[in-house]
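S.K.: Can you keep this structure in mind? I'll have questions shortly.
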Amino acid sequence: MATSKFSAQIHFFLLFTLIIKIKGNEIEHESKYPIVVSTWAFVDAARVAWSVVDAGFSAVDAVVEGCSTCELLQCDGTVGPGGSPNENGETTLDALIMDGATMEVGAVAAMRYVKDDIRAVRLVMQYTEHTLLVGEQASVFAISMGLPGPMNLSSEDSLQKWTKWKENDCQPNFRKNIAPLNSCGPYHPEGRSNFGQTSSYLNLVESDTPKVSQINIHNHDTISMAVIDKAGHVAVGTSTNGATFKIPGRVGDGPIAGSSAYADDEVGACGATGDGDIMMRFLPWSENI
Ligand SMILES: *[C@@H]1O[C@H](CO)[C@@H](O)[C@H](O)[C@H]1NC(C)=O
């Protein structure tokens with residue numbers, strides 16, 4: 001049952017793996033590198049990454065410039081500022097870089113008020129011993145290290161989308177087993193008024209009917225990009241503004257190393273995008289290794 005729900009919800013799931021062929025102990029790289037692979041048709045981002053890595057810069061540099069291009073272009077409205085408002089109408093950002101040469105990871109999750117999330121994660125990787133910073137403290141760190149902010153990450157478009165959603169009684173949303181079911185909050189656990197009665201647990205179980213997936217072409221997504229540079233080093237990056245109308249605080253697979261993406265010079269890199277709430281439980285890319 002779990003797997004059928006899984007496959008139904010991964011319609012827009014995209015996956016790539018780059019496996020470096022190892023001959024004896026020598027990694028073959030001569031003329032085969034550099035390589036740039038990205039999810040979706042984010043051609044401009046791939047072009048920028050290519051020009052950086054082709055000029056001799058590192059895989060990490062290329063991933064940063066490539067993902068940053070998508071943030072700037074607001075690719076599909078799913079990357080960078082001005083897209084995917086949460087229940088409160090706010091846009092927050094998640095991103096990750098993994099350096100396959102050093103196995104270092106930098107990540108931010110639910111970052112507010114700073115638009116340059118892939119640059120923020122590079123700062124986390126370069127200037128801290130940590131892997132993941134979250135929320136407003138991630139913004140404070142990014143700004144203290146020189147990124148512009150605090151700034152408003154909303155756009156006319158994201159606010160319009162949010163206003164329409166509110167007018168539609170906050171449907172669809174990501175809540176379950178709550179009341180009210182068909183209107184905006186505040187929400188409380190369904191059956192709470194029966195608290196203490198034996199029937200309340202049964203009510204909860206019976207009402208756990210699967211919802212139609214809200215994940216579609218404009219609400220699915222991440223850019224996930226893998227690069228191998230001329231020296232044969234591998235890096236991977238992701239950048240996303242998360243699911244539209246998410247509950248504030250929700251973080252998907254995007255900034256989680258080994259969930260959205262992974263890189264290791266000795267093996268290669270992989271990345272996937274789709275319904276992050278599902279994917280971070282099933283790690284679909286791992287089946288491709
Ligand atoms: C943020 O930007 C949006 C879109 O330009 C604007 O409508 C909104 O009023 C701004 N919010 C704040 C708090 O400045």
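These residue numbers are counts, starting from 1, taken along the chain as shown.
Heads up, the Cβ atoms here are built off N, Cα and C, so glycines get one too.
Okay, these came from TrEMBL:
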type: ACT_SITE; residues: Thr222; note: active site, nucleophile
type: BINDING; residues: Arg250, Val251, Gly252, Asp253, Thr273, Gly274, Asp275, Gly276; note: substrate binding site
type: SIGNAL; residues: 1-24; note: signal peptide
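I would like each feature placed in context: is it buried or exposed, what are its neighbours, and how far apart are things?
M.R.: Annotation for Thr222 (active site, nucleophile): spatial neighbours Thr39, Thr78, Val79, Thr238, Ser239, Thr240, Asp253, Gly254, Ser260, Thr273, Gly276, criterion Cβ-Cβ under 8 Å with sequence separation of six or more.
DSSP assigns Asp275 (substrate binding site) to coil, not to a helix or a strand.
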S.K.: Across all the protein chains here, work out how many other Cβ atoms are within 10 Å of the Cβ of Gly276 (substrate binding site).
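M.R.: Taking every protein chain into account, the count is 27.
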S.K.: Enter the number of other CB atoms within 10 angstroms of the CB of Val251 (substrate binding site).
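M.R.: A 10 Å sphere around the Cβ of Val251 (substrate binding site) contains 23 other Cβ atoms.
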S.K.: Among Gly252, Asp253, Gly274, Asp275, all listed as binding-site residues, which has the most CB atoms within 10 Å of its CB?
M.R.: Asp253
S.K.: Identify, in sequence order, the residues in the chain of Arg250 (substrate binding site) that are 6 or more apart from it along the sequence and have a CB within less than 8 Å of its CB; answer 'none' if there are none.
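M.R.: Arg250 (substrate binding site) has long-range Cβ partners Asn86, Ala110, Phe174, Gly242, Ala243, Asp277.
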